[in-house]
Every structure is written in C-alpha cells, then in structure tokens.
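*Asks:* Take a look at the following structure, please.
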Amino acid sequence: MAKIIIKNGLVVDPAQKISAIMDILIVDGKIAKIAKTIRVSGAKIINAIGLLVLPGLVDLHTHLRDPGQSEKETIATGTKAAAKGGFTSICCMANTNPPADSPAVVRYIKDKAASQGVVNVYPIAAVTKGLRGELLAEMGLNLQAGAVAFSDDGRPIMDARIMRLALEYSRQFGVPIIAHCEEANLAKDGVMNEGALSTAMGLPGIPALAEELMVARDIRLVKEYGGSLHIAHISTARSVDLVRQAKKQGISVTCETCPHYFTLTEAAVNNYNTNAKVNPPLRTEADVKAIKRGLKDGTIDIIATDHAPHNIELKDIEFNSAAFGMVGLETALPLVLTELVNTKILSLSQAIEKLTLVPARRLKLDKGTLMVGAEADVVIVDPRVQIKVEPSEFASKSHNTPFAGRALYGKVLFTVVGGKFVVTNGQLVSNDK
Ligand code: DOR
C-alpha cells in the first residue's frame with residue numbers, strides 16, 4: 001500500500017469546516033485520515049510546516065483548445081498548467097474545433113485526458129450545434145458521453161427561445177447551462193470596455209449594458225421557466241447587483257468571476273496591450289470594487305480562471321484584430337491570495353471554498369474536499385513566498401497574460417492527483433511539454 005503523510009500543514013477544507021494545523025494520511029490514492037498527529041510506518045513524509053494544505057482546486061472554466069487548436073494549447077499542456085497552478089480538476093469549454101457539440105468530441109476529450117492529461121478533465125458540451133445559437137445540440141447524448149454542463153461560452157445564446165429550451169432541459173437533467181452573457185448586437189465590433197478611455201484610445205467599446213441585459217434576461221428566463229443557470233465571468237457592478245437581487249428573491253442562479261475582474265481595470269489596455277484584451281472586457285474601478293463586494297457578500301459563488309490561451313500570432317498584432325482572452329491557470333491562486341486574502345476581502349477559507357467546494361458541488365463533481373474516502377487531490381502551497389510572474393516559465397503553451405512581471409504571494413509546491421505527485425517542489429514531475 002502506497003502511503004503518504006503530509007505533516008503539520010495548515011489544512012483548509014471548507015467542506016469539513018477545517019482550518020487547523022493537521023496531518024493528512026493518503027493510502028492508495030485516497031484520503032485515509034486527517035488528525036492532529038498521525039504516525040504510520042513506511043509512509044513517504046512531506047513536511048508542510050508553514051504551508052497551506054488545500055483540496056486540489058477545481059476550475060469550472062478552462063479553454064483547453066483540444067481538439068483543433070494545438071498551436072494554443074493541448075490537453076497535455078493545459079493540464080500541466082493546471083497542475084502547476086494547483087488545479088486538480090478542470091472543466092473545459094466547448095469552443096474547440098470542432099466544437100464539443102457531439103458525443104464523439106466529448107468522448108475524444110475524455111479519452112485524450114485519460115491518456116495524456118495530468119489532472120482530472122471534465123468536458124462541458126455545447127448548448128447549440130456548432131455554437132451557432134440556432135439549434136440545440138443533443139444535450140442528453142452529450143451528457144451520457146460524459147459532459148458535466150452545457151455552454152456556448154465565447155458566444156452568447158441570443159435567441160431567448162433557444163435559451164428557454166436549454167434551461168428547460170437543464171432542469172430535466174439537473175445540469176447547469178453556463179451562460180456567456182453578452183448582447184451581441186450591442187457589443188458588435190467592440191474590443192474594450194466602452195467609456196472615456198475607449199474614446200480617448202479611439203477603440204470601439206463594449207458597453208457594460210451588453211453584459212447586464214443578458215444577465216437580466218437569463219435571470220428572468222430562469223424565474224419564469226426554471227432550470228439551472230450559472231452565469232460565467234461576470235464583470236460589471238450592475239451584473240453583480242442583478243444576481244444579488246435575484247438571489248434575494250429566491251431565484252436559483254449562481255455566478256462566477258475571474259481573477260482579472262477583481263485585479264485589473266480597463267487601464268490595463270492602455271498602450272494597446274493586447275494581453276489585457278478579454279471578453280467581457282476589463283471594466284472600471286467602480287466595477288472592480290463591486291466584484292470584490294460581490295465576492296465578499298457571497299453574491300459571487302465561484303472564482304474561475306477563464307484560462308484562454310492564444311498563440312502570439314493572435315496577440316502580437318493591432319488591438320482591433322487581436323484575440324480576446326488571457327491564460328489564467330498558473331496565476332489564479334496567487335492572485336486570489338494576494339488580492340483577496342492578504343487584503344482581508346475574503347478569509348482563506350472563503351477564498352478556498354470558491355475555488356474548490358462550490359464549483360465541485362455546482363457541477364456535482366465528487367471533488368473539492370479532503371474528506372476521508374475522497375480521491376487524494378491535494379495542493380500544498382507556500383503562502384509567504386513571493387513569486388514574479390514569468391510567462392516563459394508557464395507550462396501552458398501560450399503566454400498571453402497581462403500579469404507578466406507582477407509580484408504575487410503564493411507558490412504551489414506540490415500538486416497531488418489521486419495520490420500521485422504531479423508537481424513536486426514547484427516543478428512538474430515529468431516536464432516534457
Ligand atoms: O476572452 C475570452 N476568451 N472570452 C471568452 O468568452 C472566450 C475566450 C476564448 O475562447 O478565447
């Protein structure tokens with residue numbers, strides 16, 4: 001029996017309301033015991049004094065680009081990036097080439113992840129065929145093939161009737177629709193947040209209202225017809241408020257934001273920095289404050305990465321033509337620790353809950369906890385070490401981050417997936433990209 005003891009770390013497991021110095025015993029890939037002191041012979045011992053011992057993080061929103069865009073990322077490189085960032089389970093979006101709108105593609109992702117992935121991969125299937133927003137994909141068959149949710153992320157579902165049908169099916173299946181809320185006509189041709197800065201820079205803007213109209217519509221649809229709605233990457237103050245009001249009324253809706261929306265404002269695109277071009281766009285100071293308030297008061301349930309790798313040919317070009325998106329798996333945890341925990345906006349437990357338990361529960365994944373009997377997905381982090389974001393060191397195939405050079409707290413030292421070390425002393429165990 002393979003035994004590992006992680007000794008004397010600060011174990012934070014919101015599922016068990018644990019936040020204390022403890023030992024964890026892993027036997028044959030499963031959590032076998034958590035206690036103040038564990039003594040077992042023949043175990044590999046990891047000394048975690050001064051370190052955080054967390055459930056492996058769960059990302060509800062990763063773009064793995066596989067199949068079809070291996071110049072940006074593959075299942076192999078994307079899962080390595082996840083492991084380096086402390087994520088042991090990731091849910092991958094359907095806007096691949098071809099899109100994940102059929103059982104064949106869903107199965108391809110699962111099979112490839114099983115053979116080449118180093119973390120757990122859960123495919124999210126498209127809501128509509130070809131992500132065109134016109135005809136529903138075979139949601140039931142895609143679910144049977146292994147999808148854990150449905151999303152046309154990257155594109156909105158403009159047709160309210162299609163969204164209604166999707167929500168009705170989601171109610172039947174008990175699996176959420178993850179909505180990319182964007183009124184496409186209002187957002188058309190926009191490349192950054194609409195406001196004084198876009199005017200000054202001479203760039204077409206995407207108004208906050210383009211997001212908010214669709215957040216309002218989808219909340220209204222779910223109120224009327226039921227269903228399971230999760231709103232992706234919310235970025236504006238009024239979106240947060242719409243979700244807050246909906247929850248107060250007892251409407252069943254959840255939402256996520258991403259590290260860039262609580263860390264950066266639209267000012268990051270100054271100098272026409274395409275690495276800060278993302279959809280929805282970075283917003284204003286007031287929006288960033290509102291996102292933080294929403295995280296703090298529980299309106300925003302989940303922190304997801306929206307890891308969106310793009311090759312340099314799509315970023316090192318003029319701003320209008322550059323692709324939307326930024327990589328996020330390898331910076332998310334340090335950004336959360338530095339910007340939310342160290343600033344006391346969230347307690348450590350609250351932050352970890354939004355990165356583990358809540359996303360896992362939302363998609364009914366048996367993940368996100370260190371409960372005895374669970375698969376041993378564990379991450380060990382040194383919260384005191386300051387790292388400098390160095391894109392050339394990313395395991396991701398793409399380097400499109402606006403955080404290059406930024407000093408952040410928190411270094412992932414060990415990532416364990418099902419009892420197997422994938423990252424040791426901050427390095428991938430087999431580093432063949
Ligand atoms: O910036 C983004 N990039 N937003 C999205 O919704 C899609 C993503 C991508 O696929 O690149």
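Note that Cβ sites are derived from N, Cα and C of the backbone, with glycine treated the same way.
Automatic prediction, not curation, is the source of TrEMBL annotations.
Features from TrEMBL:
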ACT_SITE  Asp306  active site
BINDING   His63, Leu64, Arg65, Asn95, Asn279, His310, Phe324, Gly325  substrate binding site
BINDING   Asp153, His180, His233  Zn(2+) 2 binding site
DOMAIN    52-422  domain 'Amidohydrolase-related'
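Each of the listed features needs to be described in terms of its position in the shown structure.
*Replies:* Proximity of Asp306 (active site) to non-local residues of its own chain (separation of 6 or more, Cβ distance below 8 Å) is seen for His61, Thr62, His63, Ala232, His233, Cys258, His260, Val278, Gly325, Met326, Gly328, given in sequence order.
DSSP assigns Asn95 (substrate binding site) to coil, not to a helix or a strand. When Cβ atoms from all protein chains are considered, those within 10 Å of Asn95 (substrate binding site) total 22, not counting its own.
Cβ contacts within 10 Å of His233 (Zn(2+) 2 binding site), excluding its own Cβ and spanning all protein chains shown: 26.
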*Asks:* Counting only residues 6+ away in sequence within the same chain, which have a CB under 8 Å from the CB of His180 (Zn(2+) 2 binding site)?
*Replies:* Ser151, Asp152, Asp153, Gly154, Arg155, Pro156, Ile157, Ala232, His233
*Asks:* Relative to the Cβ position of Arg65 (substrate binding site), how many further Cβ atoms are located within 10 Å?
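*Replies:* If we count other Cβ atoms within 10 Å of Arg65 (substrate binding site), we arrive at 27.
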*Asks:* Go through the binding-site residues Leu64, Arg65, Asn95, Phe324 and pull out the ones with a Cβ less than 6 angstroms from some atom of ligand 1.
*Replies:* Asn95, Phe324
*Asks:* Please give the maximum pairwise Cα distance, in Å and rounded to a whole number, for the substrate-binding set His63, Leu64, Arg65, Asn95, Asn279, His310, Phe324, Gly325.
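*Replies:* Greatest Cα separation within the listed binding residues comes to 17 Å.
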